[in-house]
Amino acid sequence: MIKRSIMIATGSYLPERVVTNEELCAWVNTSDNWIRQRTGIRQRHFADDKELTSHLAIKAARHALEMAKIDAKVIDLIVVATTTPDDTFPATATKVQKELGAFNGAAFDIQAVCAGFIYAIAVADNFLKAGQGSTALVIGAETFSRLLDWKDRTTCVLFGDGAGAVLLRVIDANSKDSWGVLSTHLHTDGCKRDILYVDGGPSATKTVGHVRMNGKEVFRHAVSKLSSVIDESLEANGLSPNDIDWLIPHQANQRIIDSIINRMKIPTEKVLVSIARHANTSAASLPLALDEAVRDGRVCAGHLLLLSAIGGGLAWGAGVVRFGIPVHSWCYSK
Ligand code: ACO
């Protein structure tokens, strides 16, 4: 027998305020046409001033707990992937733990920017497989709007706020059972730090800072690195693109997604895309797209998912997951 982390439920939350490209034109020198043609984005959600990353994370977590019909007390591990924590310390995950009353384990944040959710899944999966707990809550949550420089039109039109969550539960599985997180693949290249970063931080500048980006370089690396990590994860599982039910790519730019799927020969019908409505929500992008598709019935139990993301660092990664609960292993009680 081996241990597998199965994905038992998803949840998400988007702030109420929707800002369309047209509305953005009131304070940014841009146009709906430019944004849509270059990125595919039509609108984004922005948190209001009093709405913090932890608020978004807690709402997404509650949404997932309701779907799983489990009590927060069974959670052994909370991992929040975020680039926009409420405070420099302690971790945003500690607020999530407090509000949910999930006091039976550890809670911490992970910082891998837009790749944060894949990194968080990999960490939680490895904790569970190592026997350090039975149930993990993994959240990607961002108030990325706080990092935007409204005078830099090449970046401020690209991002939005939101949160998504998944619950992982460990099971004893037959080594041939292919349910749950089947593999994760993480990469970082610190030499590319300067093509996408925030020009602030408590140690370097004592300020929060704003997003700075060399868009063309990020685009080039995103296409090549995501294509290569998708290949790597297919090969590791002996799969071809045809075996995948859904590719869930990081929602950064429709043109990046199109370039990858053309290169990998993955049909568009198998790709979850929410960029037009959510814009780039960084660590929240994958769980938001996943939860939406689970709730509208596109993603079903037994579907094979390939998730992939890249962000500042550069940090990138992918994960192969057979979604849902294998019937014979149903067991929520602790
Ligand atoms: N509205 C109108 N015009 C604009 C805007 C805007 N918001 N931003 C830039 N322009 C203008 C520029 O000033 C320039 O004008 P010029 O030719 O008169 O000088 C022109 O548009 C072209 O600018 P470029 O920067 O060359 O535009 P490009 O075609 O490279 O597109 C973009 C920019 C969309 C940022 C692209 O480089 C890109 O998608 N890069 C990927 C970056 C990305 O997705 N980042 C997300 C974060 S990282 C991640 O999540 C992976």
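Cβ from N, Cα, C; glycine included.
Keep in mind that TrEMBL annotations are predicted by a computer and have not been checked by a curator.
Computed from a predicted structure; not experimentally measured.
Quick look at what TrEMBL annotates:
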- 108-190: domain 'Beta-ketoacyl-[acyl-carrier-protein] synthase III N-terminal' (DOMAIN)
- Cys114: active site (ACT_SITE)
- 234-322: domain 'Beta-ketoacyl-[acyl-carrier-protein] synthase III C-terminal' (DOMAIN)
- His250: active site (ACT_SITE)
- 251-255: region 'ACP-binding' (REGION)
- Asn280: active site (ACT_SITE)
- 304-325: transmembrane segment (TRANSMEM)
For His250 (active site), just count the other CB atoms lying within 10 A of its CB, please.
30
Roughly how many Å separate the Cα of His250 (active site) from that of Asn280 (active site), to the nearest whole number?
8
Local confidence of the domain 'Beta-ketoacyl-[acyl-carrier-protein] synthase III N-terminal' (108-190) - pLDDT mean
96
Could you tell me the C-alpha distance between Cys114 (active site) and Asn280 (active site) in angstrom, no decimals?
9
With the fewest other Cβ atoms within 10 Å, the residue among the active-site residues Cys114, Asn280 is Asn280
Mapped DSSP class for Asn280 (active site), helix or strand or coil:
strand
